[in-house]
Each structure stands twice: as C-alpha cells, then as structure tokens.
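Summarising the annotation, Swiss-Prot assigns active site, nucleophile to D90 and lists sequence analysis as the type of evidence. Per Swiss-Prot, the feature substrate binding site maps to D125, A193. Residues or ranges marked as Zn(2+) binding site in Swiss-Prot (evidence: sequence analysis): C276, C278, C281.
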Amino acid sequence: MSAIFEILDKDAGGRIGKLRTPHGIVETPTVMPVINPNIQLISPKEMKSFGAEILITNSYIIYRKEELRTVALEKGLHGLLGFDGPIMTDSGSFQLSVYGSVEVTNEEILGFQQKIGSDIIVPLDIPTPPDVHFRRAEEELAVTAERLEAARKFIQGEQLLAGPVQGSTYPELREKAASRLRDLNFEVYPLGAVVPLMEAYRYAELVDVIAASKKGLSPTSPVHLFGAGHPMMFALAVSLGCDLFDSAAYALYAKDGRYITANGTYHLEKLNYLPCSCPVCSKYTADELRKAKNKEELLGKHNLYATFAEIRLIKQSIKDGKLLELVEQRCRAHPKLLDGLKRLYTHSAWLEQFDPATKGTYFYCGPESSFRPEVLRFEKRLDRFSLEGSAIIRTAPVKGEKDYDRVLTFKAPFGSFPAEMEEVYPFNAEVPKFPDYETLSTALSNTLKLMELNPGAEFTFICEKEFEHPLIEEIGKKAKLVYRAAWKKE
C-alpha cells in the first residue's frame, strides 16, 4: 500500500499525521490500548469514548486458544473484539522475550494475522534485550532480518505490514537495521525491545535508540514505540518522531491500585485528593474511589482519560510550535527523564532539519533550552551577518546608540543580532532578564564568534553587571566593554 502516511503538522521531530488503514484513518500521534482477549477490564467498544482510534491485541494469544481462534477465523478479528476501527496485532514476540520460545513459526503467525483481518500485521521478530553482547545482538538481528524479508514477500495487498527495528542498545545496529528495512518498504516501523529501558527509567539510552533508528528510516515513515504506555514520556518520544504507542498500563496499573498522571504515578491508597478533572475524578473523591466496588474499572478509565488527555495536549503543542516547551516541562517530573532531555539535545543538529523555520514564540524553560534546534540554527547562520564600521551591542536600548553604524541586541541564549530583528522569530523569545550560566555561555560564545567573523567592525558591548562569566573577559579583548550602570548618558 502506498502513501499510507501523510504528515500534516511538524514541530522538532514531532508530527501530526494521518495513517490510512483498511478500517479507517488514524490521526497520530496516538495510543493503541492493548486488549487482552481473555481479560477485558474495559471493553473494546468503549475505547472510542476515551479517544482511542486504533487498538492492539496479541494474535499469538488468539492463535493458541482454540475458542478464540475459532471465533476469529469465523467472524474475523474485528468481530471477535467487537470493534469496527483499525486493529494492530502483535505476533508473539513479547511472549518470546518473556518465555524464550513460542509454539508458532513466523509464516504461521503471519498467515493467521492475514486470515483474521488484522489491519497492521507484525512478523515474529527476535526482541533482543538491552546490554547483551554485541555478537548476540548482531546474530539475532540477522535472524530478524531474514524473517522480515520473508514477511514482506508473504504479505501483499491492503493490510499494512510492520517492520520491527531491533539492535539492542547498540545505536549502530539500530541504524543499520532501520536502513535495511527502509529499502523493504514496510508501512509501519515499530521500535522493539525497549520496554526494559523504560521500566528501568533509562531514558537517555532510550533517546539514543529512537534517534539511531529514526536516522536510518525515511522521515516520512510512521514509527511505533513498542510497549510505551505511560504519558509522562510521550512528549519526549514524540519530539524524536514517534507516532504510535501502545498501552496496557491503563489496566495493569489499575489492577495494582496505581493512578496515572502526565507527571508520574500515584498510589490510590496514598491520595487524599484526585488531581484530575476527568469524568471519573469529577464524580468521585479519593476516598469514594478507594471504596468503590468497581474500583479497578474506574481507575482503569481514569488512566485512559489521563493517557489520551496528554496525547491531545501534545498535538496542540505541535500545532502551536510549543512541543519542546512541553517536553522540557514533562522531563522535570523525574531526574531520569531530565537525563533523557539532555540526551535529546545532543541530537539537536539532526532535529534541526525537521524543525520549522518559523513558529510560536520561543519560551525559555531552563538551562537545557539553550541547546534547542533553533539556537543551533542561529549559530550556524552567524556568518550571514556582515558588519562594518562601529557596532554597539546592548541588552536594551541605550542613549547614543544612533551614533553607531550598526545596533545589535544581545539576548541569551542566542547571542547578538541586528536590533531590527527583535520582534522576529526566534529573537522575540521570552527569556529571564538574568540568564543562567549555561544559557549565558551559549550567548556569549555566539557573540564572540560573530566578532571573529567581522574583524573589520569596531564593537562596543554593553551588558548588565550581573553577567559574571569568564567569557566576558574574552569579549573585553575584542570590544569596548561597558556595564550598563556605567554607560555615560548622553
């Protein structure tokens, strides 16, 4: 199937898109609630009321249980689950990762998924866990590659075929695998065997795995982060270009009495108040929810409401050009997520190619903001500013500046730029009057680079007394340095 994914809006690596399937169009990014055919806390037909457009279930479980298999073959997957929207099916790879083996071949499970009418079919890949020896990861990747090549020949027609990207925690293997799969033209690309990283809060490594995989894929391909179900990390993953998530967390957490929010998880037993306004939390107090006979179901519903509320906020943030602001807010919910944010910005040079040239006002959220793609883009374009004669650089207008040939504004984290561009993106940024050390470092470094690129100009640099930084001394070697309080009023 060609042209199955259409990108509508972009911000950083994130995008809003339309994924076309045999049972309808899905708007991404979105979450696929996991449906266990044996145990359904919330029925599939109810899922649309929470915002679900697509579900995911395990074809291996259906295949292994005779009663389920018979109904699925007679009525189809959608008849079995009672859901008329798109359904993706996993192949049994999860069971393979847990138990070490499955009683089905790749060809058998592919054929079964095809017969029962799955919208997105997944081959039986090898989910290589993190931290294994490189040779094992390489060997298992070779087996996965053979199975995926066979699957691509086997599955033709309207049903979508997923090509899982494996490679353990080796970025070079992830990128190599993704590049190979790109040539096979799968319709969806899941990133597999990442659940252990998320369970261990190894978000920095997760970022590297996603980035490496994305670098090997076409930028127009839809990407599914397998097993990602907690909303606190959705924004981070979306900013890297993930489009689909799947969540069993809504049910698993409810069974354990855990209450999901976009900033983390609470234990219901310890809550005095419900910090949410979903239909469940608007109707019940924390104490009433604890005592409810259907507590698990109600908690599962809240978890779904919270999950899809975050997806909607992410989409609006993409529309507004504010995705990275949301990412920076969410990543302050946990120190390990903050590690993920810092690792994200080590990939800013790659992200910059996808980030729109103009968008909403840049808002400073913390020291990490100085490493965003738009700041890097400004640094790369410093050589476009050609300055001659006298040039004054100031943080705000000063008397006598009209006597200079060029007037520049200094604003962290960017640096110095022509004053007439102050209201132009990204220089209309909302930033603190007194920047932190890292942000000031970036701005002063860029200003020094601008001075070095324009040796024929004679610079005067006026700044605040509070700008205490070693690079101020370097600025003083290339310009007349004056603190604002000492600037001679004219």
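Glycine is no exception: its Cβ is also placed from the backbone N, Cα and C atoms.
Computed from a predicted structure; not experimentally measured.
Of all the binding-site residues in the record (D125, A193, C278, C281), the one with the smallest CA separation from D90 (active site, nucleophile) is D125. Once Cβ contacts within 10 Å are tallied over all protein chains shown, the binding-site residues A193, C276, C278, C281 are led by A193. Note: the CA-CA distance between A193 (substrate binding site) and C276 (Zn(2+) binding site) rounds to 32 Å. Long-range Cβ contacts of D125 (substrate binding site) within its own chain (separation 6+, distance under 8 Å): S91, S93, T144, R147, L148, P164, Q166, G192. The Cβ centroid of C276, C278, C281 marks the Zn(2+) site; residues of that chain outside this set whose Cβ lies within 8 Å of it are L274, P275, S277, P279, V280, S282, H302, Y305, A306, given in sequence order.
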